[in-house]
Amino acid sequence: MGKVWVVAEQREGKLKKVTFEMVTLARQIGGEVEGVVIGKDVKGLASELGEYGVGKVYVADHPDLEQYTTAKYTRVLAELINKEKPEVVLIANSAQGRDFAPRTAQRVGAGQVSDITGYEEGVFVRPIYAGKAYTKVGATSHPLIVTVRPNVFSAAEKTGGQAAIEEVAVSFMPEDLKAIVKEVVKQVSGRPELTEADIIVSGGRGMKGPENFKLLEDLADVLGAAVGASRAAVDAGWREHRYQVGQTGKTVSPSLYIAVGISGAIQHLAGMGSSKVIVAINKDPEANIFKVADYGIVGDLFEIVPLLTEEFKKLLKS
Amino acid sequence: MKLVVLLKQTFDTEAKIVLKDGKIDDSGVTLIINPYDEFAVEEALRIKEKLGQGEVVVVSAGSDRAQEALRQALAMGADRAVLVKTDGLQLDEMVVAEVLAKVLQQMEYDLILAGWRAIDDSSAQVGVRVAEILGLPQINLVTKLEVGEGKITGHREIEGGTEVVEVPLPALVTAQRGLNEPRYPSMKGIMQAKKKELKVINAADLGVNATPKVEIKEIFLPKGKQAGKIFTDEPAVAVAKLVKALREEAKVI
Ligand SMILES: Cc1cc2nc3c(=O)[nH]c(=O)nc-3n(C[C@H](O)[C@H](O)[C@H](O)COP(=O)(O)OP(=O)(O)OC[C@H]3O[C@@H](n4cnc5c(N)ncnc54)[C@H](O)[C@@H]3O)c2cc1C
């Protein structure tokens, strides 16, 4: 195995957790683990990666890279791949990674394995048909681009160490600068992002109305959790689309997923089936969600959820 | 305005997955338009309706059976359709993109729309790869689209927010849920669809020389899950037991 690259994902000068998860995967793959950091004023992040045992880090630091665009990231990464010839390039399967990974793959003539959830001796494991089946995919040529589902691999621990830092010359073509980011609207929420959250509390049609999501928000606040929703709750207009979990919503893999008043339709399971521990709260003992739940309570959510919030409060305070 | 929609036929979302000789068996499975591609078709129709002129062409790479999906898009209101038959070809996402791009190069387009992923293989690559081959700017995961003079503006979903991106035309956008609610074909639409052009091309005749870069070594079904612990005690007791189990057994709290 030659070089295995971890393309760091950073936001506002901080490395995202998925970056460290990719370091873990890169070590499993073997070979020389190297990092790539792209952005503006990001040299500090490169040395940070070194503390996690990454031997060498390529840094593309340029004022024009402050704002992400597909074309700029593709330009930088594709040129670097062509020059340095890594064997495997790991990119986060985030909104950003999903956007420039296939573009880069196409430019360098590489195959891509998307949204992987496992690795076994040279092959990458990924769900297809919304988790109803899995495939093991291997490369027939290199480089290979791999996008990695967040929250699946454990984050690498600090090992100490210092990375050799190589600065990469960055220059753009006129067509790289044609896309203009007019505005970035941030959701102001103290809660974690669904796809990154360690704990998710999700509500369905059983919540009966938008006002009752307050119950789930209270629970989420105690747990530091994100709040998701089923499509029924979204279609009813109780939550925004961006919070929908499922086949036509977000794919999540938290360590704990609490499904409240959700029946567990196949399309919902498609988005949360890879959660490590699933808890269901539903008044219908026959609900499908109990078939995938590790723990469940059969009962009225309006009674159970406030009690649950209180119980967690007690536990987490003590 | 010339609008082209890339469309894939996929398994119905309820379909049960059965393996036969190590492959996914599609016999007896209901097939549908990939739901994200349906958003793309709907958006193209709305753009045409809003501008009061233009053409919507739907293009699919797949087997003969994909004609059903194309006919359905025609019934929704698309003007004509192209099927590129890929039977017998060794495919991966790159090869499919090369095939589609080859067909698109023979067409006129101002805007190409696609779903951001197909719900079967969920690779989320083909649309973006096509944009790269054709040298078009892209806006991925669009939840709102505005067409301007020689440019488009897309609202795209990012973690923790929305990004508003403007690119010049021609361009490619991929659709995300939230963009619109796809219409159902009307009776009149279904009747008209029968008379619309559906051109069938063999991918083998297109002269694509890309070869697959990845290979599926194995397909397997997930292990069935063990039955979980269901607490049926009175609420306060059940809740206490659950929290205890999450802390001491599952160790997730
Ligand atoms: C193409 C397609 C794509 C789809 N994509 C998605 C998707 O991405 N995500 C998704 O979620 N769905 C999706 N669906 C929809 C899916 O099939 C279901 O309709 C949906 O998930 C149902 O949502 P629900 O479980 O909240 O509602 P319901 O099925 O109505 O279930 C509500 C549940 O709440 C329980 N309940 C009611 N009151 C109480 C109470 N007081 N206390 C406790 N429990 C209570 C009921 O017992 C019931 O089990 C899709 C469907 C299609 C056709």
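Placed from the backbone N, Cα and C atoms, the Cβ positions cover glycine too.
Going by TrEMBL, these are the annotated features:
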DOMAIN    A:4-184  domain 'Electron transfer flavoprotein alpha/beta-subunit N-terminal'
BINDING   A:Arg205, A:230-231, A:244-248, A:261-268, A:Asn282  FAD binding site
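Feature map: annotations from TrEMBL on the structure.
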residue: A:Arg205; record: FAD binding site; Cβ contacts under 8 Å, 6 or more apart: A:Ser230, A:Ala232, A:Ala233, A:Ala236, A:Gly261, A:Ile262, A:Ser263
residue: A:Gln244; record: FAD binding site; Cβ contacts under 8 Å, 6 or more apart: A:Gly228, A:Ala229, A:Ser230, A:Arg231, A:Val234, A:Lys250, A:Gly271
residue: A:Gln247; record: FAD binding site; Cβ contacts under 8 Å, 6 or more apart: A:Ala130, A:Ile266, A:Gln267, A:His268, A:Ala270, A:Gly271
residue: A:Ala265; record: FAD binding site; Cβ contacts under 8 Å, 6 or more apart: A:Ser230, A:Gly246, A:Asn288
Other CB atoms, at most 10 A from the CB of A:Ile262 (FAD binding site): 32
Binding-site residues (A:Gln244, A:Gln247, A:Ile262) in Cβ proximity to chain B, threshold under 8 Å: A:Gln244, A:Gln247
Cβ packing number for A:His268 (FAD binding site), 10 Å threshold: 27
Conformational class of A:Gln244 (FAD binding site) under the three-state DSSP mapping: strand
Assigned element (helix, strand, coil) containing A:Ala265 (FAD binding site), judged by DSSP: coil
